[in-house]
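Participant: Below: one structure in structure tokens.
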């Protein structure tokens, strides 16, 4: 585990340096590090501190939040397909943010995380209410989540059409991206991410117990419903809050936990750290490519995460099919 975590940290350092160096003004690594360390009023220092560094930090927060939220949802449902997108959380949060932006253009930016949490929490509640019978069926959860996500998408499209030209800036945001994100947005989301990640790591032992099965968990006195609600609430906080600044970045919560488990094995206490680091690395690297490969235009980060995650998921499906045959 230590070697993998160290490799992820080194990779994050490389991506961080590349993120500080690249852009309209290309800096050498030495110049970027000097601007980062000394600050000042030079153009390089202004670009590094005001534009590139906050965007990189935001990418870390978004990636870690979505990846850990996916791991939590897969753990409490024991459904390998569960993630913030499939359970409707992302769609509900996005719908709430779009509705607030379109219907009340003067809404303060600091309110948007609360709006996203309300939308994501409502969507998750509906999804689990529809899926729950005597127990939580993975198939029912998938169907209910897909239904709620589709309703959310339909609501978003309707609002965008009704808003007309006013909705223009939302199109890029809905594809998932970090363009224009600065320190105010980082400060807006960081408390939710830090608190959510701390709570998730504290609940890792409970996730390991849930993985044993309902009967085994109940036999040692675990309150299944209570802990599923708590851990599910943490997942909603993590995923919905970052939607407020980055939009619906897909596949991170679905793919990254699988990769962490495949690389490390073991329980959640063993894999959550790697999951958070790998999620942060994926989104930070995707954002770096998004703003450089077609410069001066930017690609949506959500498109690139899907581009990376899709072949990995196909490979995992084929591996599982081969193991079962």
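Placed from the backbone N, Cα and C atoms, the Cβ positions cover glycine too.
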Participant: Between 55-73, 169-187, 188-206, which stretch does TrEMBL give the note transmembrane segment?
Facilitator: 55-73
Participant: Which of these ranges is annotated transmembrane segment in TrEMBL: 5-36, 229-260?
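Facilitator: TrEMBL lists transmembrane segment for residues 229-260.
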Participant: Grab the same-chain neighbours of the transmembrane segment (55-73) for me: Cβ-Cβ under 8 Å, and only residues 6 or more beyond its ends, written as numbers and ranges.
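Facilitator: 12, 15-16, 19-20, 79, 82-84, 87, 89, 178, 181-182, 185-186, 189-190, 192-193, 196-197, 200, 203, 207, 231-232, 234-236, 238-239, 241-242, 245-246, 249, 252-254, 256-257, 260, 268, 271-272, 275-284, 286-287, 301.
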Participant: Taking contact to mean three or more C-beta pairs under 8 angstroms, with sequence separation of 6 or more, is the transmembrane segment (85-104) in contact with the transmembrane segment (229-260)?
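Facilitator: Yes, since the transmembrane segment (85-104) and the transmembrane segment (229-260) share at least 3 Cβ pairs closer than 8 Å, they count as touching.
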